[in-house]
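A short write-up of the structure that comes next.
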Amino acid sequence: MRVHICAVGRLRKGPEKDLVDDYLTRFDRTGRGLSLGPAQVIEVDDRKGGGMSAEAALLEKALPKGATLCVLDERGTVETSPKFAKRLAGWRDGGASDLAFVIGGADGIDPALRAKAHHGLSFGKMVWPHMLVRVMLAEQLYRAASILSGGPYHRS
Ligand SMILES: C[S@@+](CC[C@H](N)C(=O)[O-])C[C@H]1O[C@@H](n2cnc3c(N)ncnc32)[C@H](O)[C@@H]1O
């Protein structure tokens, strides 16, 4: 199952980008034997300042056709890492070829796009900056692959 992180805005060179790259490399390596990954980041940029709906149109265009859609949203479901790992395995075992996570911009994700999602995932009720959400998601993907592989990274 290929994994896509579709995000509004460009992540510049720096510690957040390094962390995302590092965790996704680890995810790819750990997930290879589990039919998870590879993971790629797809960035969209609305330079005309059209707001949420313009960003949603760009995101929808960039999403792989038929992808299982998971939006990152503070109003979504808060879950443990093992539960998230189970959810990933469930999507994979249910036959999903592409899984797309969507991270919004400063105004969030357009409600019409949110309504199309198969799942809304929350990293808690607080609002985080989008670049940190990318890092957190990449880390949770690696953690989930480690849990599913029985590796020592996750200790609960
Ligand atoms: C700066 S936030 C935008 C918040 C916006 N005011 C809203 O109402 O959604 C940018 C993006 O980061 C993600 N995000 C921020 N906090 C989050 C959280 N607690 N859980 C999951 N995703 C979050 C969402 O995808 C959000 O669209």
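Each position is counted from 1, following the chain as shown.
A Cβ is built for glycine as well, from the same backbone N, Cα and C atoms used for every other residue.
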Recorded S-adenosyl-L-methionine site member, picked from GLY66, GLY90, GLY104, GLY105, that accompanies LEU72, PHE123, GLY124, LYS125, MET126, VAL127, TRP128 in TrEMBL:
GLY104
Tell me the Cβ contacts of GLY124 (S-adenosyl-L-methionine binding site) under 8 Å, same chain only and six or more apart in sequence, or just say none.
GLU74, VAL78
Under a three-state reduction of DSSP output, how is LEU72 (S-adenosyl-L-methionine binding site) classified: helix, strand, or coil?
strand
Under DSSP, is TRP128 (S-adenosyl-L-methionine binding site) helix, strand or coil?
coil
